[in-house]
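Some features that TrEMBL has for this protein:
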type	residues	note
DOMAIN	5-298	domain 'Phosphofructokinase'
BINDING	Gly13, Arg75, Thr76, Gly104, Glu105, Gly106, Ser107	ATP binding site
BINDING	Glu105	Mg(2+) binding site
SITE	Gly106	site 'Important for substrate specificity'
BINDING	Thr127, Ile128, Asp129, Arg164, Met171, Gly172, Arg173, Glu223, Arg267, His273, Ile274, Gln275, Arg276	substrate binding site
ACT_SITE	Asp129	active site, proton acceptor
Amino acid sequence: MEGMRLGILTSGGDAPGLNAVIRGAVLTGERTAGHSFVGFRNGWQGVVEDDTMPLSRHQVKGINKLGGTIIGTSRTNPYEHGGAERVKEVLAKNEVDALIVVGGEGSLAGAQELYKDGVPIIGVPKTIDNDLGGTDYTFGFDTAVGIATEAMDRLRTTGESHSRCMVAEVMGRHVGWIALHSGLAVGAHLILIPERKTSMDEITHYVKGAYDRGRAPLVVVAEGFQLASMDTVHSELGLDEAGRPRLGGIANLLAPLIDEATGIETRATTLGHIQRGGTPSAFDRVLATRFGMAAVHAAQASQWGHMVSVRGTDIVVVGLEEAVGSLKVVPTERYDEAALLFG
Ligand code: F6P
């Protein structure tokens, strides 16, 4: 087969490992089949605005250890800017045969629509939240968990010095995977996740229990968590480009409530985008590189409408509908297992 020209774009919130995907794809494609690559800047925005950058071996050298994405990202929805017709027009103009789209749930849902409308697309799953169906892990998650764990180890020593309760807020819009894994790693006294509404009485029970044993309680909370008394997520920052509420601040809401209910001085820390920035972990670099390589093999096999994924330790290819069909939430039994160690 003659070499193809493949477009790459990164879409949605960034995740450590995006650059390793790009490098893995470009090196594999150039070396194994003479494919050439073009980057579309800032997600779908670069496609609909025809904003490209060259992606050859030269541009991707050494980038597997860099956080962020050298081609930029956005939450632009192509269907709000001309849809499949505009995408096909720009691909034709740039002589691009097919697209590799690295994205999360929203971006891959868009990719699936475009595929149905005749655009040849391979998906690569990405999110630090690890909430995509169809794959056991997404790159970025391991890095985020590592950063959150290190930050909370630090919160514990200062909390212990002052006998305070520390509330640490981590990312996790719909799911509590980062909270669960970092909370287990750090030995938190309570983990609060979006999948499980919890009352102030329960929170007070665990915080007081830990304090009465002589510990400085550490509570990990995912940004999308809701108290049993809440009927919507805590959001004070308006909506993002995709029309979703901007999250962040639930720890600030909880800390005074815990202080008041327990009489224990309580402080809140929101880790925010620190979890998404910076150097990817070795695990994420390897996973992302393998995803990039597999995406090129999938394109070569014309597996349009599919995405690469990891099952156990194997990289496989699944239909995009598996990723966008359902969120991968924390199963009840996984949370209950962790809860045995609360308090
Ligand atoms: O989806 C990944 C994520 O990091 C969520 O955990 C978070 O709610 C969201 O992105 C934040 O996005 P932004 O950087 O656009 O505010």
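Backbone N, Cα and C define each Cβ position, glycine as well.
A map of TrEMBL features onto the structure.
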| residue | record | DSSP (3 states) |
| --- | --- | --- |
| Arg75 | ATP binding site | coil |
| Glu105 | ATP binding site | helix |
| Thr127 | substrate binding site | coil |
| Met171 | substrate binding site | coil |
| Arg267 | substrate binding site | strand |
| Ile274 | substrate binding site | helix |
Worksheet, complete the sentence: Hits among Thr127, Arg267, Ile274, i.e. binding-site residues with CB under 6 Å from ligand 1, come out as Thr127
Worksheet item: Where does Gly13 (ATP binding site) sit in the DSSP three-state scheme?
Response: coil
Practice prompt. Using C-alpha atoms only, work out the spacing between Thr76 (ATP binding site) and Thr127 (substrate binding site) and round it to an integer in Å.
Written response: 16
Worksheet item: Around the ATP site recorded as Gly13, Arg75, Thr76, Gly104, Glu105, Gly106, Ser107, what other same-chain residues have a C-beta within 8 angstroms of the site's C-beta center?
Response: Ser11, Gly12, Gly43, Gly103, Gly110, Ala242
Discussion item. Quick check on the binding-site residues: of Thr76, Ser107, Thr127, whose CB has the lowest count of neighbouring CB atoms inside 10 Å?
Written reply: Thr76
Response to the item:
Candidates Gly13, Arg75, Gly104, Glu105 (binding-site residues); nearest Cα to Met171 (substrate binding site) turns out to be Gly13
Fill in: In sequence order, the binding-site residues (Gly13, Arg75, Gly104, Glu105, Ser107) whose C-alpha falls within 10 A of Arg276 (substrate binding site)
Gly13
Worksheet, complete the sentence: Taking every pair from Gly13, Arg75, Thr76, Gly104, Glu105, Gly106, Ser107 (the record's ATP binders), the biggest C-alpha distance in Å rounds to 13
Discussion item. If I take every residue in the domain 'Phosphofructokinase' (5-298) and average their pLDDT values, what number comes out?
Written reply: 97
